[in-house]
Amino acid sequence: MKHKLYYGAAWYPELWGEAERQADLQLMKETGINLVRMGEFIWSELEPEEDVIDVRPFAGHIRQLHDHGIDTIMCTPTATPPIWLTHGHPERLFVRADGAVMNHGSRQHICTNNPYFRQRAAIIAGHLARELGRLPGLVAWQLDNEFKAHVAECVCDTCKVLWHKWLEQRYGSIARLNEAWGTAVWSHTYQAFDQVPQPVATPFLHNSSLVTMYRLFQMEKIAEFAAEQAGILRGYSDVPITHNSSVAFHLDNEQLYRELDFASYDTYASQANRHAYLLNCDLWRNFKPGRDFWLLETSPAYAGSLTSYGQPHPDGYLIAEAVSAYALGAGAFCYWLWRQQRSGSEQTHSSILSAWGEPALGFDNVRAASRARLAIEPHMLATRPVQAEVAVTYSDRTKAFLATEPHRKLNYRSLLSDFYKRIVDMGIHRDLVPEGGSLSGYKLLFTPFVHYLSPEFVGKALAFAEAGGIWIAGPLSGGRTAEHTLHTDAALGELERYAGVHTKYVYPMEGTGSIGKAFGLSAPLSLWSAVFEPLPGGASVIGEITEGRTPGLAFATEQQYGRGAIVMLGSLPAGGDGDQLLRALIGHYAGRAGVTLRSDVTAGTVVCPRRGSSGELWTVVNMDGLGGRVTLPRSGQDALAGRAVPAGPLTLGPYEYRLIALEE
Amino acid sequence: MKHKLYYGAAWYPELWGEAERQADLQLMKETGINLVRMGEFIWSELEPEEDVIDVRPFAGHIRQLHDHGIDTIMCTPTATPPIWLTHGHPERLFVRADGAVMNHGSRQHICTNNPYFRQRAAIIAGHLARELGRLPGLVAWQLDNEFKAHVAECVCDTCKVLWHKWLEQRYGSIARLNEAWGTAVWSHTYQAFDQVPQPVATPFLHNSSLVTMYRLFQMEKIAEFAAEQAGILRGYSDVPITHNSSVAFHLDNEQLYRELDFASYDTYASQANRHAYLLNCDLWRNFKPGRDFWLLETSPAYAGSLTSYGQPHPDGYLIAEAVSAYALGAGAFCYWLWRQQRSGSEQTHSSILSAWGEPALGFDNVRAASRARLAIEPHMLATRPVQAEVAVTYSDRTKAFLATEPHRKLNYRSLLSDFYKRIVDMGIHRDLVPEGGSLSGYKLLFTPFVHYLSPEFVGKALAFAEAGGIWIAGPLSGGRTAEHTLHTDAALGELERYAGVHTKYVYPMEGTGSIGKAFGLSAPLSLWSAVFEPLPGGASVIGEITEGRTPGLAFATEQQYGRGAIVMLGSLPAGGDGDQLLRALIGHYAGRAGVTLRSDVTAGTVVCPRRGSSGELWTVVNMDGLGGRVTLPRSGQDALAGRAVPAGPLTLGPYEYRLIALEE
Amino acid sequence: MKHKLYYGAAWYPELWGEAERQADLQLMKETGINLVRMGEFIWSELEPEEDVIDVRPFAGHIRQLHDHGIDTIMCTPTATPPIWLTHGHPERLFVRADGAVMNHGSRQHICTNNPYFRQRAAIIAGHLARELGRLPGLVAWQLDNEFKAHVAECVCDTCKVLWHKWLEQRYGSIARLNEAWGTAVWSHTYQAFDQVPQPVATPFLHNSSLVTMYRLFQMEKIAEFAAEQAGILRGYSDVPITHNSSVAFHLDNEQLYRELDFASYDTYASQANRHAYLLNCDLWRNFKPGRDFWLLETSPAYAGSLTSYGQPHPDGYLIAEAVSAYALGAGAFCYWLWRQQRSGSEQTHSSILSAWGEPALGFDNVRAASRARLAIEPHMLATRPVQAEVAVTYSDRTKAFLATEPHRKLNYRSLLSDFYKRIVDMGIHRDLVPEGGSLSGYKLLFTPFVHYLSPEFVGKALAFAEAGGIWIAGPLSGGRTAEHTLHTDAALGELERYAGVHTKYVYPMEGTGSIGKAFGLSAPLSLWSAVFEPLPGGASVIGEITEGRTPGLAFATEQQYGRGAIVMLGSLPAGGDGDQLLRALIGHYAGRAGVTLRSDVTAGTVVCPRRGSSGELWTVVNMDGLGGRVTLPRSGQDALAGRAVPAGPLTLGPYEYRLIALEE
């Protein structure tokens with residue numbers, strides 16, 4: 001995976017005739033496509049009748065691609081089981097929490113925990129692995145397609161039995177479950193595991209532990225299915241295995257990628273949402289540290305289905321997307337899709353070629369991005385992304401907790417995106433580090449919105465602080481146990497002792513007129529907030545509440561810890577003033593922590609630092625189409641133009657990108 | 001149907017006693033009511049127990065009405081099956097796509113494809129036909145009531161079997177279905193017809209062909225039921241048969257009326273929506289060309305049910321409604337309802353008499369409209385509506401396509417209404433012509449929003465252009481095949497060749513900053529748009545895109561075709577500027593086509609041209625209550641006042657109407 | 001119940017250990033808590049396995065509380081049946097009208113009409129009554145918890161059978177039901193009671209009589225269950241029985257309290273909604289006239305669950321709440337809850353102590369309110385609330401009617417609250433009097449929005465007017481029969497004759513430009529309105545319609561009746577002008593009726609008049625935090641400060657309260 005940058009597209013040879021396929025191969029080559037992804041929806045093609053299996057046509061496709069200099073990432077086809085697997089077998093279908101049974105006619109309609117499905121999935125994956133697994137040109141496997149994109153938790157009878165087993169394994173005895181979940185509230189107490197319901201319709205809210213545990217159970221099961229399938233592929237094939245996931249899907253990506261070889265994702269963010277585009281790069285780089293991530297799906301111009309569509313990219317934005325992804329660690333940048341589908345329900349999705357075989361909107365941008373890929377390739381291959389000094393914790397488990405407990409429609413993804421955006425706009429290089437990831441090498445760690453802080457995580461973060469790092473925890477972090485209950489020793493449990501604070505109150509600040517003051521700035525406070533007083537000899541107050549229900553108490557504190565510090569952020573400063581206050585806080589602690597991977601780049605432009613044997617390489621990309629500016633800290637060399645660049649201001653035109661090899 | 005203008009009301013003699021009935025007859029006569037519609041909900045009255053049938057009371061009602069000089073349109077009562085037909089028989093009930101089973105207690109709760117329902121419906125219709133079919137005073141039949149007003153597609157088991165048969169008849173082999181629908185996308189491929197699901201719940205979208213075909217299948221079935229019932233009536237009765245339909249219901253009106261003798265509809269548009277009122281007249285006149293249409297239901301003042309109600313008409317608007325409907329081709333103008341219901345769920349619907357037998361709000365207007373009817377009657381009977389020179393294509397099939405593929409909540413009815421309104425406001429007389437209708441005699445044809453243009457339609461439109469007509473196709477027209485897939489030869493298939501264009505791109509223009517320029521005007525472009533370049537020696541560009549993703553390409557082109565022309569409109573100019581641009585386009589081509597049925601009438605007033613043996617008659621009606629003005633092209637005679645009117649300006653007061661016999 | 005003012009909290013000893021319980025007892029005592037409510041969710045604690053019942057721990061709790069000087073209100077635990085009651089028994093579960101079956105995992109998931117549930121509920125209630133019923137310290141029982149808070153009508157098979165029986169009892173023969181409901185409309189006619197459906201899914205609206213009767217049937221059944229349970233308790237215990245209800249729940253409170261000994265409720269209104277807080281006091285005082293009502297649940301600071309939360313009270317508002325409730329007749333003011341729950345789904349609800357045992361937000365206010373309670377207690381015990389002179393009819397039956405017939409989303413509770421708020425803001429003391437309540441002693445009666453006026457009610461109101469009272473009926477009142485049909489003799493039936501009016505029209509006035517003029521003021525008219533003309537020698541017009549569809553007719557009339565008068569209000573004046581007009585009307589008739597319990601208190605402050613052996617006592621409380629002012633009609637004594645207060649202006653600071661003993 002290190003000898004080239006992949007520039008790819010999703011291809012559906014099974015949907016077209018030989019003439020179109022040959023034309024595709026030729027045009028792909030001309031367009032610079034060097035990777036094709038295929039196969040994720042071909043089950044009925046491979047196995048039109050149960051046990052009548054023929055995967056040879058795809059061996060042929062892989063060979064032909066290879067002959068044209070194009071590598072293949074082959075998918076297992078389990079996202080769309082054929083009709084014979086579910087026709088007449090409603091018990092195999094996915095059942096939504098509202099009781100609706102999903103039917104054949106779209107995708108993901110089967111329960112992936114159904115044993116017969118697992119059996120058939122193993123058989124088809126085995127066939128593919130055995131017959132394609134060692135073909136030249138095959139460079140990777142993708143499992144299934146967008147696990148849990150369209151469905152969340154299944155409540156079918158198979159899942160019910162598995163749920164009861166899972167509970168038994170987790171709790172051992174029903175008494176321990178009752179205690180852990182506090183089921184005495186509302187007389188929920190269970191006498192036996194097989195009485196514990198799935199989170200189906202009730203007149204009012206379910207027990208929060210039950211609902212959250214059901215989500216975690218289901219997340220485990222999909223990771224288990226992935227591991228099972230990966231195991232089968234590995235029996236016949238040595239190429240690495242990935243999956244095209246997303247932060248939007250109903251799974252725990254960290255858990256999933258533990259079973260796989262490298263991390264990949266799909267994204268269809270529009271330009272207006274370009275911070276989400278960057279967030280993906282900064283996150284997926286860190287699921288498998290040290291390995292390239294692959295962007296497996298993005299549109300040439302816009303996403304679309306029969307019932308909705310996204311804004312087309314402005315002319316030029318696509319190039320900025322490709323360059324910034326490569327610079328931030330992508331080993332592959334792939335389009336969905338090569339040739340527009342004539343049927344189905346995504347006929348209106350942007351593609352490289354139209355259904356009638358002509359260049360579609362964005363084709364010119366695809367070619368330009370291809371040229372950009374070629375130009376930057378040697379520089380990318382000679383360097384690796386630089387680890388950031390600033391880390392932000394990412395937690396899909398938190399997504400599950402907040403889905404159970406949204407307060408007022410809180411959504412982890414948007415909370416985190418907003419938080420992240422500010423750091424980008426401040427020109428600070430950053431990593432989104434999954435909960436289980438290493439903190440080694442970081443200077444400043446943000447852990448916002450993580451309801452449940454596990455002992456493992458807290459231990460790691462304390463060690464990080466002990467060693468000199470600054471850990472900024474909150475808002476919303478730490479107030480829940482592993483079981484989604486409250487602590488009964490202190491609002492934030494043990495964390496308070498380490499942070500040198502006592503949480504005096506926890507309450508919703510919205511609309512209470514609360515004002516917080518810190519770093520000389522005042523701003524309204526928002527969200528459910530923890531309000532602190534320092535423990536004797538403990539933390540110092542850095543953010544004081546000056547108005548509202550609890551004036552005089554603190555919303556932000558700092559406690560020296562080892563050679564570092566623990567900063568508690570109990571509330572979220574809001575609005576324009578809140579943004580200023582948060583910037584002051586981030587800037588202050590970035591300074592204190594000695595963060596150097598930072599520039600004065602204008603918002604809308606991004607600096608992607610990499611390093612190789614010959615030193616540091618900045619890739620600077622304008623993303624907003626308005627052009628931008630950054631001060632180069634040292635003189636350097638324009639790696640593409642091959643000419644010297646002085647230290648000082650560097651300006652970029654709309655969507656322009658520059659590769660600057662900085663002098664050491 | 002040609003010897004008088006009908007002025008009618010819905011009557012429910014079964015809900016009241018003899019005293020009320022006698023009072024009703026007397027008062028109807030005084031009020032000028034000369035037509036009564038009855039019977040659409042009387043099944044349990046006629047057949048209180050299965051096979052115990054007595055329709056004689058209604059023979060009595062018809063005779064009594066006749067004795068009072070009132071004719072009858074008798075309904076079949078199948079919209080509300082009695083309790084014995086469904087109690088204990090859930091398998092006969094209508095099942096919604098979300099799985100909900102409809103129950104007795106409202107109306108339309110049965111599946112009209114259920115064979116036992118069909119059998120019982122045939123029996124009750126047979127009884128009515130046999131015993132009432134030749135009674136003096138009976139002038140027409142109405143089948144059922146508002147087919148598919150409250151339900152759309154049924155997914156019961158009966159429908160499932162019929163669906164499989166329908167598919168087999170349409171496609172012959174499952175392989176052909178798979179190919180036609182492109183089911184290889186997402187591995188939907190079917191092995192046998194009986195595996196093809198109905199469009200029930202799935203995690204994400206269904207195959208578009210499947211969904212659209214299911215709609216068409218259901219539309220066929222309801223037309224089939226209508227034909228079946230009509231056949232029974234015709235066995236015993238010679239009076240013509242109709243149905244009270246609407247553009248809002250889930251059926252194909254053109255298909256339906258093919259089986260019936262004349263076209264009718266219900267409308268409850270409020271004054272603010274008066275263009276919808278006129279649209280109905282201009283449409284229903286053309287389902288059965290040359291025959292009067294009947295307006296079978298409209299309110300004396302406002303619509304109402306327990307859960308909603310419409311705005312009461314301003315004083316006087318009712319007269320304008322009646323006169324404009326007659327002038328535009330209505331043979332009957334009927335109220336719903338004569339006497340307010342004391343029970344049920346429409347007690348709050350406006351009526352002529354209250355539930356306590358007194359004149360209700362609007363009664364004075366009803367009497368005034370009655371006087372107006374009498375005054376204009378001889379002039380209406382002596383003339384017929386003039387065929388327009390401008391036709392706009394109407395397609396209920398398109399309604400089905402757009403329901404499957406709404407992009408971003410597009411709705412055929414509102415798209416078309418907006419388009420239509422502009423033509424009215426420009427003072428142009430127009431026909432809404434159903435897809436299958438003749439284009440003979442028109443000069444200018446608009447075909448907007450018709451996703452699928454059938455070969456038959458295209459052939460007809462080409463012949464129209466060949467013969468000198470100007471055909472303006474688009475926006476949104478022509479991009480889909482009969483199977484709701486894309487063309488694979490060109491974006492718009494064969495149409496491009498005829499239109500002399502090549503569609504370079506098809507993409508959503510909203511938010512891309514696209515500006516179109518034509519006729520010296522510039523405007524933002526909207527909707528999914530087809531963007532053209534002329535074929536060599538082909539079309540000339542009349543609308544150019546000046547800004548956005550595709551500057552320099554065309555959104556509007558014109559190709560000479562025979563003695564006429566084909567104008568492609570690839571996009572919809574939007575906003576106030578878009579309205580101006582569209583008016584310029586319409587005006588330009590109306591001029592080019594030599595459209596003469598056009599006046600400078602002020603918006604809010606309408607000119608309804610008719611012609612008789614003694615020449616042209618204009619009915620000018622003010623609809624907005626603000627008065628209006630129009631220039632008479634020639635001097636004439638005020639047909640009501642019996643005095644000369646000079647050529648030149650004619651002014652009307654609020655809701656005033658004038659009948660001007662223009663000199664030739 | 002008369003020797004002290006109760007200051008209480010909900011306690012869940014079953015959720016905590018002995019250490020927490022002991023700490024609670026101590027701290028409750030210190031905080032001034034003298035009443036604990038417990039047990040409403042303990043069924044699985046009492047009866048962990050079917051027929052294994054032990055209620056002794058709660059006897060212990062009651063004794064311990066008593067030892068600490070704290071009385072107990074004990075609850076029956078039927079709101080949360082244990083898992084063994086429903087596991088494997090779906091037929092016992094509550095079924096929503098949309099067909100969704102409610103499951104174990106929240107509360108109220110069982111059908112309270114299920115015979116086996118009734119049997120088990122009787123057994124558990126019997127145990128509690130027998131073993132706790134005569135314990136010292138037990139001062140009251142609460143049945144269940146918030147009947148019908150989370151569910152409305154059940155449509156399970158048990159309910160279906162009961163429904164058919166109920167119908168048979170009400171109508172005797174199916175013919176009478178058909179006649180009463182007018183089922184001939186839409187051919188609904190039934191042949192037998194067992195055919196009558198429950199109001200489940202239909203394509204369009206159900207028959208209104210059916211839907212409303214089903215609501216009344218279900219309301220009766222829940223009252224029947226309450227009576228059944230109360231009967232069991234009374235077999236072993238003499239302390240009075242209540243229930244914590246609300247105006248928001250799906251029941252008929254008047255019917256419910258007929259079976260119980262005193263009235264109680266829960267409320268979580270935020271300060272912005274403080275009129276709703278007062279409305280509750282003015283209403284609940286009148287369900288059991290002459291007896292204290294108890295406020296059984298309110299939050300120390302804010303309500304909260306995992307999915308929503310209320311605004312925290314401003315500092316000080318809690319004291320104003322407590323004092324005003326006591327002054328308006330509360331015998332108890334109780335918090336939900338004492339100690340924050342660590343699990344379940346209401347962990348985010350405000351409490352007195354946190355889950356970790358520390359004072360929570362609002363604790364200081366709880367202590368201050370406790371001190372206020374002590375200070376005012378002797379004065380409250382020495383007096384009783386004065387009956388108002390102005391009564392406003394309250395009708396939960398109307399809630400059922402309007403739910404069936406909401407016109408355009410009308411909601412009885414908000415209509416009534418708006419009407420009520422105006423009277424409060426005018427400084428008029430008022431009672432909300434349930435439909436069946438006595439009118440004796442009142443001078444002015446408002447009966448707005450009561451669709452169905454029963455003969456009993458009309459008789460009572462006529463007698464009231466006969467005796468000199470002024471009865472103001474409407475808007476929306478009187479137009480429906482007991483069966484939710486229309487009258488067929490006159491729009492408002494017999495009422496018109498008494499009121500000396502003829503209702504000429506009934507129609508929706510919104511958007512018609514209707515203007516009403518009365519008392520020299522003009523305002524837009526709104527809602528479905530009855531428009532009057534006086535009968536010959538009948539009413540005089542006091543409000544005339546000057547613009548709109550029916551100018552010249554009346555929207556308000558006055559008819560002398562005996563020594564009093566009947567005022568018909570046919571429409572609702574709207575907007576700011578409408579508010580002024582309604583104030584003028586209220587003020588005028590308050591004057592005419594000789595209303596004296598009225599002050600010039602500024603809006604946001606409230607005067608609560610009481611009377612004892614030593615004369616009249618005003619409790620004046622500022623509720624809006626802005627301070628207020630009122631003119632004392634006579635000099636008096638500040639009962640708390642113990643000093644004289646002159647007649648004339650009295651000013652109050654934010655949330656201040658004063659007890660003024662007025663000189664006679």
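Just so you know, glycine gets a Cβ as well, placed from its N, Cα and C.
Annotated in TrEMBL:
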- A:Glu146: active site, proton donor (ACT_SITE)
- A:Glu297: active site, nucleophile (ACT_SITE)
- A:Arg107, A:Asn145: substrate binding site (BINDING)
- A:Cys111, A:Cys154, A:Cys156, A:Cys159: Zn(2+) binding site (BINDING)
- A:11-371: domain 'Glycoside hydrolase family 42 N-terminal' (DOMAIN)
- A:388-595: domain 'Beta-galactosidase trimerisation' (DOMAIN)
- A:607-659: domain 'Beta-galactosidase C-terminal' (DOMAIN)
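Locations of recorded TrEMBL features on the structure.
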| residue | record | contacts (Cβ under 8 Å, 6+ apart) |
| --- | --- | --- |
| A:Arg107 | substrate binding site | A:Phe41, A:Ala79, A:Thr80, A:Asn145, A:His150 |
| A:Cys111 | Zn(2+) binding site | A:Arg92, A:Leu93, A:Phe94, A:Val95, A:Phe117, A:Cys154, A:Cys156, A:Thr158, A:Cys159 |
| A:Glu146 | active site, proton donor | A:Ala79, A:Asn244, A:Ser245, A:Ser246, A:Phe249, A:Asp266 |
| A:Glu297 | active site, nucleophile | A:Ala10, A:Asn244, A:Asp266, A:Thr267, A:Tyr268, A:Cys334, A:Tyr335, A:Trp336 |
Let me spell it out: for each of the binding-site residues (A:Cys154, A:Cys156, A:Cys159), count the other Cβ atoms within 10 Å of that residue's Cβ, using every protein chain shown. Which one has the most?
A:Cys154
Are any of the recorded positions A:Arg107, A:Cys111, A:Cys154, A:Cys159, A:Glu297 near chain B, where near means a Cβ under 8 Å from a Cβ there, and if so which?
A:Arg107
For A:Cys159 (Zn(2+) binding site), the three-state class that DSSP assigns
helix
If the Zn(2+) site is taken as the center of the Cβ atoms of A:Cys111, A:Cys154, A:Cys156, A:Cys159, which further residues of that chain fall within 8 Å of it by their Cβ?
A:Phe94, A:Val95, A:Asn113, A:Asn114, A:Val155, A:Asp157, A:Thr158, A:Lys160
When secondary structure is assigned with DSSP, how many helix, strand and coil residues does the domain 'Beta-galactosidase C-terminal' (A:607-659) contain?
0 helix, 33 strand, 20 coil
Please state whether DSSP places the residue listed as 'active site, nucleophile' in a helix, a strand or coil.
strand
Across the domain 'Beta-galactosidase trimerisation' (A:388-595), average pLDDT on the 0 to 100 scale:
98
A:Asn145 (substrate binding site) has how many other Cβ neighbours within 10 Å of its own Cβ?
26
DSSP three-state assignment (helix, strand or coil) for A:Glu146 (active site, proton donor):
coil
So, three-state DSSP: helix, strand or coil for A:Cys154 (Zn(2+) binding site)?
coil
